[in-house]
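*Asks:* So that we are looking at the same thing, I have put the structure below in structure tokens.
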Amino acid sequence: MSDATHGISRRTVLKGAAVGGLGLAAGGSLLAGCGSKSTGPLAYGARSVDAGPTAQNKALIAAYTAKTKNEVKYNATESNAFQNNLSQYLQGTPDDTFEWMAGYRMQFFAEQGLLADLTSVWDTIGDQYAESYKIASTGLDGKQYFVPKSWYPWGMHFRKSMFKDLGLSADTVTNWDEFLKMLDGMKKKGLVGFAAGDKGGWEAMGTFDILNARINGYQFHVDLLAGREKWTDAKVLDVFTHWAQLIPYMNPNVLDLEWDGAMQLLLQKKAGSMLMGSWFGGNFKEQSQADYDDLSIIPFPEINPEHGRDTVDAPIDGWCVAANGTNNDGGADFLKFAGDMEGVNATLAAKDANGALIPMTSANKGQDTSTYDAFQKEQLAVMDEAKYITQFLDRDTRPDFAGPVVGPAIQSWFKNPKDVNKIVDSLQAQWDALPPLA
Amino acid sequence: MNSTAIGANKPHRRRAFSRADRTTLSAFVGVPLFFHLLLVWVPAILTIILSFTYWSGISISRIKFAGLANYKNIFFDTPAFWEAIHNNVIWLAWFAGIATPLGILLAYQIDRQIRGHKFYETAYYLPVVLSLAVTGIIWNFLLRPDGFVNGLMGRDIDNAISFFGNYNINIYVILTIASWRHIGYIMLLYLAGLKSVDMALREAASLDGATEWQTFKKVIFPAMKPVNVIVIVITIIESLRAFDIVYIIYGSSAGFPILGTLVFQNIAGEGASMKGAAYAVILFALSIGPIIAYLRTTFKSDVQ
């Protein structure tokens, strides 16, 4: 595959910069017996109970079992519950391999010794991945603890048919003024312009990410989340000023809807656009092929010409092996298969309840992008345009800051946008009050 | 003949326990006590200790002494804490001023055997059978933007009434849901108490020409003192420890902060810190303070 087939390859992945310097101490395998044929039965912990991912996992597991004769026990947990319980889960009797996210959130658990070293897996399948994925899979000690499965970009989603009716096209919504004009046009037609939900407390973080990156640039965003810049900076207030301009075009019940509620608005053609990660394409496809074909994504518009549209949130999902699992070798062996093109193909072959293929943009560069459907090609274009890749606010900053502090702060901003000064003050105060990192 | 011998021995036997009795008694007292200490007080004291530390909940070797930092953080830097206190206080006021009196009123009416009292009794008690989590799920289905009530009114999610998301009304929505269950609970407790009040008292009162309200206030209510204590304690505890309904509806986000959800939010998941333990200690102190004070005054006047 040529380099051009995969956008991320040339890009900086957040944390990658920090890790890169330490990294690449690709030591010898710590996992004995990795080369052996049978590593025995293992348990798989899924981070979703949704139909699409479940079908994918089952297909992958079936292919693995058919090949190795190793039985795989499948345990699925709803995603929020899984995350809340992860620390206890990893310290108890976890499944051997489990689904998780790349970057900071993986490094956090790797640091605590709860994840098994997967360097040997990367020795085998590493050449199937762009360097940026390896960096995102690498812990602070330079060893790999993660095998990526898929990626998706965050961007402005809309329905082609509605865009056409409104006389809009991707080229006419490239900057902030055009964007506001678009929202205004939608509002005049009685539509929700900017579908939003933040009941879950994390959804609106994506809006903060992109506004901050567009207005103040990638470097400021990264530095802010790492505590090198202040939340009380006028630049952060500027983000909220822009955000407040979007409120009149949002549905009034932002705090009553979760991401799927906002998605429903777009699905039911009650909203004209939505900022979200493209993963929800599968939900559109489940609805009908026509709805999926109607779905489209463009990068969030430019605000500050200095930064253009050079940054995108593009989280990577994948798997880890739990150090406290009973069969670390088995877990690693499974991931060697799952990360290999053979496993990727098995996953891609999975079908949803309607018998249609489940869309997935694999992290493996072996997935031929010419097989991408139209929506996936647009996702790739969004990635290709960006120079910098971030993961997502709750994957790019300290976990004891993102969930318990930033989430509630944004929610209280939605409750009363006029309180913005108080909110940024308290964000900074709460950052300053965080315990020193061990 | 034997009776004198038995009669003489009886009081003696009662005082001195045989070895078997002693074993049985210490087992009966000791085993629960052991588990009580192990499962209640050991974790409680550990939580108090942990609230003075920095720790992510993983590998105890990384624990660091924090002094009062967690408390300082909560009291001075965390607006959600004061929001939660605000919500918990309203919760308590609502329960004490509306839900509990309503439960008592219902119990009194049902005890007077008004027409259809059996039906009311069952109807009001029914929600108590459901756990708070199930209560939350039911009402969430009813009141969500895409739920039953909005559907009935022909509203779609883009113009749905925001029962949970509108911050002017959502506390009352939540409190109504919580009361739905609390009223039945109080009613049942009170009803059991009323059944045990001597009918002669009521007859005497009505013979003396007391009105219904006077009878309740001057005769029945004082006679119900033990039940009143329980009802008051339960009202305080239920208001402060509220968690389930809010968690089911809002998840672990801070959509509707109350102390219970703040504890959970700061102690569960990757973001775990001992700030959560500090919240738990504050909640513990708030709950136990008024209860001890109340019980002390009650028992003191009993002794007198």
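Residue numbering: from 1, along the chain as shown.
The backbone N, Cα and C atoms fix where each Cβ goes, glycine too.
What TrEMBL records for this protein is below:
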{"type": "DOMAIN", "residues": "B:85-296", "note": "domain 'ABC transmembrane type-1'"}
{"type": "TRANSMEM", "residues": "B:23-55", "note": "transmembrane segment"}
{"type": "TRANSMEM", "residues": "B:89-110", "note": "transmembrane segment"}
{"type": "TRANSMEM", "residues": "B:122-142", "note": "transmembrane segment"}
{"type": "TRANSMEM", "residues": "B:169-192", "note": "transmembrane segment"}
{"type": "TRANSMEM", "residues": "B:245-264", "note": "transmembrane segment"}
{"type": "TRANSMEM", "residues": "B:276-295", "note": "transmembrane segment"}
*Asks:* Cβ pairs under 8 Å only, please: of the recorded stretches B:23-55, B:122-142, B:169-192, B:245-264, B:276-295, which one is richest in them relative to the transmembrane segment (B:89-110)?
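*Replies:* Between the candidates B:23-55, B:122-142, B:169-192, B:245-264, B:276-295, the best contact partner of the transmembrane segment (B:89-110) is B:169-192.
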*Asks:* How about long-range neighbours of the transmembrane segment (B:122-142): same chain, 6 or more residues beyond its ends, C-beta under 8 Å?
*Replies:* 106, 148-149, 164, 177, 180-181, 183-185, 187-188, 243-249
*Asks:* Same chain only, please: residues at least 6 beyond the ends of the transmembrane segment (B:23-55) with a C-beta under 8 Å from a C-beta of the stretch. Say none if there are none.
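*Replies:* Cβ under 8 Å, 6 or more out: 17, 62-71, 273-274, 277-278, 280-281, 284.
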